[in-house]
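Participant: Residues annotated as topological domain 'Cytoplasmic' in Swiss-Prot, with sequence analysis given as evidence: 27-147. Positions annotated as transmembrane segment by Swiss-Prot: 4-26.
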Amino acid sequence: MVAVGKTSAIAAGVCGALLLGYCIYFDRKRRSDPNFKNRLREKRRKQKIAKERAGQSRLPDLKDAEAVQKFFLEEIQLGEELLAQGDFEKGVDHLTNAIAICGQPQQLLQVLQQTLPPPVFQMLLTKLPTISQRIGNAQNLSEDDVE
């Protein structure tokens with residue numbers, strides 16, 4: 001019975017030593033790589049860009065009425081779902097996208113003012129100018145492509 005405990009202790013010690021050796025070997029290999037820092041910076045930059053893009057919905061072709069309508073309905077639905085789950089930031093972002101693309105934003109704002117709690121509606125009003133500007137910039141870029 002003592003032999004089993006001693007054997008398992010030796011096995012655990014050997015496994016620990018192998019793990020430590022493995023870590024030291026790959027750490028040394030990583031540090032000696034001349035491109036490591038460049039690859040790490042590039043990876044972090046890509047992650048940052050991906051994170052920024054995840055927060056922004058992909059805008060539809062503003063000349064395609066069907067795509068705009070589909071985008072509008074998806075944004076309203078996503079916004080409502082996220083607000084129901086308690087994620088007010090993302091929910092308001094999606095509702096703001098829908099308002100910015102909407103053909104009659106004043107009527108939609110009136111409906112939202114009646115249905116949303118006042119703090120959430122205020123959050124929506126503060127985000128609306130930045131989202132509208134982004135969509136306006138996207139529209140200007142698409143017009144520049146045509147010229």
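Quick reminder: no glycine exception, Cβ is built from N, Cα and C everywhere.
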Participant: Cβ under 8 Å to the transmembrane segment (4-26), counting only same-chain residues 6 or more beyond its ends: which ones?
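Facilitator: Beyond its ends, the transmembrane segment (4-26) has no Cβ neighbours under 8 Å.
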Participant: Taking helix as H, G and I and strand as E and B in DSSP, count the residues of the topological domain 'Cytoplasmic' (27-147) in helix, strand and coil.
Facilitator: 101 helix, 0 strand, 20 coil
